[in-house]
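These come from TrEMBL:
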- 91-117: region 'Disordered' (REGION)
- 98-113: compositional bias 'Pro residues' (COMPBIAS)
- 147-196: region 'Disordered' (REGION)
- 178-196: compositional bias 'Basic and acidic residues' (COMPBIAS)
- 255-391: domain 'AAA+ ATPase' (DOMAIN)
- Gly263, Pro264, Pro265, Gly266, Thr267, Gly268, Lys269, Thr270: ATP binding site (BINDING)
Amino acid sequence: MMSDVENFMDNCRAARENAFHRKYEQSSILFRTAISQLDRYISKRTNNEAQQQQQRFFFSLKVKSLLKQDMERVKNLAEMVVQLRQLVNNTTASSPTDLPPTDPDNWSLPPPMPKKHIIRNKASAVLTSVDRKTTLRSQVTPKILNKSTSQVHIGRNALNRRASSVGRAVKEAPQPDETNRSDDKDKNEKEGERIFDEKGFDKELIEIIERDIVQHRPEVSWKDIAGLKEAKELLKEAVILPTMMPNYFKGIRRPWRGVCMVGPPGTGKTMLAKAVATESGTTFFCVSSATLTSKYRGDSEKLVQLLFKMARFHAPSTIFIDEIDSLCSKRGVDSEHEASRRVKSELLTQMDGCASDNSRVLVLVATNFPWDLDEALRRRLEKRIYIPLPDKEGRLQLLKLSLAEVSLAADVDLEEIAERLEGYSGADVTSVCREAAMMSMRARIINLTADEIKELAREDVDLPITAADFATAIAHTSPSVSLNDIQKYEKWIHDFGAS
């Protein structure tokens, strides 16, 4: 009990000392603490010894009222200090009493003349000079007229903006950027291209998607892709046939909304997506994780929502998301960030949410790690096809496509080379062809200086590729995909494939 009384006395003493030293906020806090201690003391005494300690009870109430009065005085002092500080800092506010006294016999300087008359005089002077020169009938006259009229418009716009800032209701002329943008929009709409203009999104986000994502016609056809007949047939059924037979693909026969291409790297998944956009004539949105991430909170989700709105606006369209595992991996893992989870939720909602969507938008994704995909995304990707390594026929076609612009020696047998390249991906086969095509140049420039290399003719360097060149290139280039990786892909397709 003595310790409580001592604490109470210490708080009261410290509160008064802080008030004396003009520390009103700390003083009010200490007064409040002392009052709460006194309340606890009163409640404890009244519950246990109410009849025996009546004098102490009334004395405690009296002390409490005095402390409250002191605390109110301290609060009033603190408020006065704050008001005085505001008055001192507010130097811009002035009243008529603050102005210095003026002598009625001494007049002040007249106000400056408005610049409106000066601009009009200059414009009229330019126009009169132009009128005087009209007798010359030269080609300089239209330039002077245009310059003078532009000066007049600039001066009027400046005066209008100044008048509107004072308080006059003046209608400003449209800015040149806005007029040019509206003219470009009307021009593009007349040419047949629709312009997306959504009021609920920032123009910067729309420009990001139009600049970095939209590709209207990637120049890649089915002939540029070797092999992969099953994948081509499936993509034709999912994208191209619905544009040719819209009355047939309805109801249960609606087109597929999500296709996932799974396979080792370098097998042509991205080329297939570009060929889909080219052959179908749809608007192609090429998306990666970098284009849908932003340092500002909420912008990533807005970009996803805006992407699908633009795709529905330009329908039929194809949204191709390369390396989808980096953007929509499994949720609930320890390394997942809150922003990444929001982006995944928005992407899943846009692909197949509560709102009914009849627009023809195909989401085409590619991944090298299908086992890292989220389960909900895997369900929304209705078709999951395997893009395997090229077989012998596919490797032969790749060799012919890659070597179409170079000459071959008579001892080169492409079928034999295709057999030797078993286990190589499409990118590996292209690398072998590039390595073999560089062999003749490397052999020719050995022990030559830079000046001697510059003097070489093209016929001395561009020699036919021999079988020895291919043998050296194959020896120097190993396959990038191992047998264990192939087994993992085949197991995942066996468990979750839908082709």
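Note that Cβ sites are derived from N, Cα and C of the backbone, with glycine treated the same way.
The structure displayed is predicted, hence computed values, not measured ones.
Recorded features from TrEMBL, shown on the structure.
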residue: Gly263; record: ATP binding site; contacts (Cβ under 8 Å, 6+ apart): Lys269, Asn368, Tyr386, Ile387, Pro388, Tyr489
residue: Pro264; record: ATP binding site; contacts (Cβ under 8 Å, 6+ apart): Asn368, Ile387, Pro388, Leu389, Ser425, Ser480, Val481, Asp485, Ile486, Tyr489
residue: Pro265; record: ATP binding site; contacts (Cβ under 8 Å, 6+ apart): Asn368, Ser425, Ala427, Ser480, Val481
residue: Gly266; record: ATP binding site; contacts (Cβ under 8 Å, 6+ apart): Ser425, Gly426, Ala427, Asp428, Ser480, Val481
residue: Thr267; record: ATP binding site; contacts (Cβ under 8 Å, 6+ apart): Leu228, Ile387, Pro388, Leu389, Pro390, Ser425, Gly426, Ala427
residue: Gly268; record: ATP binding site; contacts (Cβ under 8 Å, 6+ apart): Ile225, Ala226, Leu228, Ile387, Gly426
residue: Thr270; record: ATP binding site; contacts (Cβ under 8 Å, 6+ apart): Phe320, Asp322, Ala366
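Sitting within 8 Å of the Cβ centre of Gly263, Pro264, Pro265, Gly266, Thr267, Gly268, Lys269, Thr270, and not among those site residues for ATP, are the Cβ atoms of Ala366, Asn368, Ile387, Ser425, Gly426, Ala427. When Cβ atoms from all protein chains are considered, those within 10 Å of Lys269 (ATP binding site) total 26, not counting its own. When DSSP labels each residue, the domain 'AAA+ ATPase' (255-391) comes out as 53 helix, 29 strand, 55 coil, counted as helix, strand and coil in that order. Per-residue pLDDT, averaged over the domain 'AAA+ ATPase' (255-391), rounds to 80.
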